[in-house]
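J.: One structure is given below, represented as structure tokens, and several questions about it will come after.
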Amino acid sequence: MRADAPATDGLDEAARARILAKAALFAPPSNELADGRRDLVGLSREELAAAMAEIGEQPFRAKQLWHWIYHQGVTDFAAMANIAKPLRAKLAERFAIGRPEVAADHLSADETRKMLFRFRDHEAVETVYIPDVTEDRGAVCLSSQVGCTLSCRFCHTGTQRLTRNLSAAEIVGQFMAMRDAYGEWPSPKGETPRLLSTIVLMGMGEPLYNYENVAKAMKIVMDGEGIGLSRRRITLSTSGVVPMMDRAGAELGVNLAVSLHAVTDDVRDVIVPLNRKYNIAELIAACRRYPGASNARRITFEYVMLKGINDSEADARRLVELIDGIPAKVNLIPFNPWPGSTYETSSGNAIRRFANIVMDAGYAAPVRTPRGQDILAACGQLKSKVAGAA
């Protein structure tokens, strides 16, 4: 694939088709419960209307249910006050409003909170809430897959083999369960402050390798009559699944974060093996094409600082050359160690020198403060299975 291949190139279309076909091999289980009821969480508006039609109800019932499920956050049909009791009973017989099970709940000394969510097939993922230390708001870091195929050398999740993709219900369910934990229902209106104010798709898995379910979940989250989180409050992070980046930009228009982490193919091939399929030139070209990128909506380049690997002044200068002309900022992430990791965090001096070179070129280069390290909730530390676990 050429570095300057246009988004409509037949090669990109073929690559997208292959990615979606592979995703189907790791499809999540159906939304049918063991007792035969269907989970309504994760259904689109159209699917919800179809479910109502199947039981002989009018389309407006779907609108009512949408409000109760995604705006009010109820999990019991009995709480739906504007629906007649006989219909509530009928709905309860046929359907459920699910949440993942909270299998573990850890609170860091810095108030970062990590939950292990277990699903009906007993698979599990970790989800993290990162509160803003200066304001009553914070980000929810969502997972998109159980495990990961990318095997990034510095990432704990990469040591957990991919089991399956998450469904739209399981992705949006993580956010809804976090809202349950913080009592943030009904959905705040307009500019009303939210504790859970942003979503970052930076948890376990590669979102663009589970694009259909991620996109469906984010469309539910962005619906103004439900959870109502605007697209500018959502950031999708990718390690560089180039063929899907154009589609995500066109269909979702959310903020883009790119896990770059190296400025030469020789280094990135080792620490981000996906680079062997989509190299740095192709990745940067896709960033230049990304719809809506502007000074107001900058692409974030994520760069984990690894001692002696990617943290030299020459690396910083090469980074500036690579992203020249792209509306961007660079998040510098001190490496967060995890059990069995072989890398070391760059020194404070090395990080400062690197940041200064990037900033002198006109790019913001904040150094991310590690959050939740004491509960293995920091960037690159998530993993839902431990060695020897069933």
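Placed from the backbone N, Cα and C atoms, the Cβ positions cover glycine too.
Okay, so Swiss-Prot annotates it like this:
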ACT_SITE  E126  active site, proton acceptor
ACT_SITE  C379  active site, S-methylcysteine intermediate
BINDING   C148, C152, C155  [4Fe-4S] cluster binding site
BINDING   G205, E206, S237, S259, L260, H261, N336  S-adenosyl-L-methionine binding site
DISULFID  C141-C379  disulfide bond
DOMAIN    134-374  domain 'Radical SAM core'
J.: Where H261 (S-adenosyl-L-methionine binding site) and C152 ([4Fe-4S] cluster binding site) are concerned, what is their Cα separation in Å, rounded?
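T.: So the Cα of C152 ([4Fe-4S] cluster binding site) lies 10 Å away from that of H261 (S-adenosyl-L-methionine binding site).
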J.: Return only the integer: C-alpha distance in Å from S259 (S-adenosyl-L-methionine binding site) to C141 (disulfide bond).
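T.: Here the two Cα atoms lie 15 Å apart.
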J.: Using all protein chains shown, find which of the binding-site residues S259, N336 scores highest when you count other CB atoms within 10 A of its CB.
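T.: Compared across S259, N336, the most Cβ atoms within 10 Å surround S259.
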J.: How big is the gap, in Å, between the Cα of N336 (S-adenosyl-L-methionine binding site) and that of C379 (active site, S-methylcysteine intermediate), rounded to a whole number?
T.: 7
J.: Please state whether DSSP places C155 ([4Fe-4S] cluster binding site) in a helix, a strand or coil.
T.: coil
J.: Which state, by DSSP, holds S259 (S-adenosyl-L-methionine binding site): helix, strand or coil?
T.: strand
J.: Which residues in the same chain, at least 6 apart in sequence, have a Cβ under 8 Å from the Cβ of the residue listed as 'active site, S-methylcysteine intermediate'?
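T.: Set apart from the residue listed as 'active site, S-methylcysteine intermediate' by at least 6 residues yet with Cβ under 8 Å, we have M202, V304, I333, N336, R368, P370.
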J.: So which recorded positions out of C141, C148, C152, E206, S237, L260 end up within 10 angstroms of the residue listed as 'active site, proton acceptor', measuring C-alpha to C-alpha?
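T.: The recorded positions passing the 10 Å Cα test are C141.
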J.: Restricting to the recorded positions C141, G205, E206, S237, L260, which ones have a CA within 10 Å of the CA of C148 ([4Fe-4S] cluster binding site)?
T.: G205, E206
